[in-house]
Amino acid sequence: MVKPPPAPAPGWEAAEARRAPAALRRGAFITLCFGAFFFLPDSSKHKRFDLGLEDVLIPHVDTSKGGKNLGGFLIHGQGHDEHRHREEEERLRNKIRADHEKALEEAKEKLKKSRDEIQAEIQTEKNKVVQELKKKDSKPLPPVPLPNLIGINSGEPADPDIREKRNKIKEMMKHAWDNYRQYGWGHNELKPIARKGHSTNIFGNSQMGATIVDALDTLYIMGLHDEFREGQEWIDKNLDFSVNSEVSVFEVNIRFIGGLLAAYYLSGQEVFKIKAVQLAGKLLPAFNTPTGIPWAMVNLKSGVGRNWGWASAGSSILAEFGTLHMEFVHLSYLTGDPVYYNKVMHIRKLLQKMDRPNGLYPNYLNPRTGRWGQHHTSVGGLGDSFYEYLLKAWLMSDKMDTEARKMYDDAIEAIEKHLIRKSNGGLTFIGEWKNGHLERKMGHLTCFAGGMFALGADGSRDDKAGHYLQLGAEIAHTCHESYDRTTLKLGPEAFKFDGGVEAVAVRQNEKYYILRPEVIETYWYMWRFTHDPKYRQWGWEATQAIDKYCRVSGGFSGVKDVYSSSPTYDDVQQSFFLAETLKYLYLLFSNDDLLPLDNWVFNTEAHPLPVLHLANTTLSGNPAYR
């Protein structure tokens, strides 16, 4: 119980009543007099006003008097046109005196008002400023023709068994959404067991509705249009980026900007485009570093940026600053403003100039010095989506961005040479390079690479399309084994290939499953490119395991130990579960005419963005692409 404050001494009110007006007047008078002085005309514009004046700038009227024209002003030297000089000086002094007296009169008028009246006026002025900022933020964007959008309302399978499985996944999405709607609405994520909102430091301390933004396109694709409209209404009325909150530039880009852009392209609703552009403007200060490599974190209100304390002596992270390209190119396309495109192209140019040990990109780069941090290379966490976005920049450009494709091909060749190995049991895995040593461990996040190799097979060097499709299949098989060798048939966060231990987690803190999508993502890409029925079979196994072991009455939760027959929950329904895991499962059991890969490229959060075909857009006329 909170104790009340001590009672004031007798007669306090009367004494304060006597003191307050005088104190208020003195304080206000001092403030306003200072303000009057502060708002005097800027003397720097007029050089000097002392009697020893050497030069004075005066408005240009006539150049025939021997003065030198300087952009609409004349410089007159001492002794030249003295009479005119003195008149100008006197006029300026009179103006300053008049402004000063006017300010003092306004100050006196203010002092006649009560404290409440003054505070009311201050609040009115604040409200005016806020309204002006809102008008500025919501200025209309230039009309841009939408690319030819194909396959946004398709995909119904003819096979009744496949259709039933797809409907089950849709029901799981509705269960996740409805519980978030009931217990976590407006919060970033849901705690499904505690039945309340949840947030992490990647979203700062604000309720930005991350799950709403992340789930929108999945709702639309699944035909859950009432739920989609609920999300749209919340975004229109409540999504505010002028908050004093420090957020992850990478996470906000892939989840919020990617989610808003995808929702815009799918639905055509302008509010999503406007919000995406507003948010992008809030992220731009993160690029204010000596190298142009952005900070990991930025405060949405102040624009102050910093890096994670654990990241190799203040370094930025490859997967974070390398996973902006897709969204920023679309921002420049939709706004006609090349600033976004230029930011990401600057990053690319800087990386091209740098030496790469063994052709590999280390995970850490210092944004102050432009030097690599510790030499740790991974296709999993810290590195993964950098490589993905090199390939997808090429695909999204209608295969015109050959520079990105070359960087991808070079990187994949180095990865295959130094990181990809076969275990004693014949499983292909991707290890991590740490200071000259290959660690024989693979993360769940790395499992996305099977799909990436398949996606990049067409167009690869030296007619190696078949090789990379096979490599994708081998990675898919290894990652399925990591699921199949657990009690729950759900994959661990990381698994080893040491001695007799293969595709199994060893450490307790690597045995958890937090509803991640990467293995299912690879199943879907492999299905699209091969139509081998095992990928749907594996996807259905994962669906059943998630529904059996992760579903709770209040939504879906991650589990802490996939090798335990009685798992404990982490009590978090991640926003990416709705954005990615359930979307990839739904697409796996849909026909290929739903979001065909010739027309759509998925960002690393599974938000589909259209290919920008030069033939059917104004891309070639956009200054960002010249």
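Even glycines carry a Cβ here, placed using N, Cα and C.
Please treat TrEMBL annotations as automatic predictions, because they have not gone through curation.
Copied over from TrEMBL:
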REGION    133-161  region 'Disordered'
ACT_SITE  E251  active site, proton donor
ACT_SITE  D384  active site
DISULFID  C447-C479  disulfide bond
ACT_SITE  E493  active site, proton donor
ACT_SITE  E518  active site
BINDING   T604  Ca(2+) binding site
Inset, instruction - List the Cα distance (Å, whole number) between E518 (active site) and the residue listed as 'Ca(2+) binding site'. - result: 10
Legend entry - Listed in sequence order, residues with CB under 8 A of D384 (active site) and six or more positions away: A319, S378, L445, T446, F448, A449, T604
Legend entry - Cβ neighbour count within 10 Å of E251 (active site, proton donor): 21
Inset, instruction - Report the member of C447, T604 (the recorded positions) whose C-beta atom has the most other C-beta atoms within 10 angstroms. - result: C447
Inset, instruction - To the nearest whole angstrom, state the Cα distance for the pair C447 (disulfide bond) and E251 (active site, proton donor). - result: 19
Inset, instruction - Quick one: pull the CA-CA distance for E493 (active site, proton donor) versus C479 (disulfide bond), whole Å only. - result: 11
Legend entry - Which listed residue (E493, E518) has most other Cβ within 10 Å, given these are active-site residues: E518
Inset, instruction - List the Cα distance (Å, whole number) between C479 (disulfide bond) and E251 (active site, proton donor). - result: 25
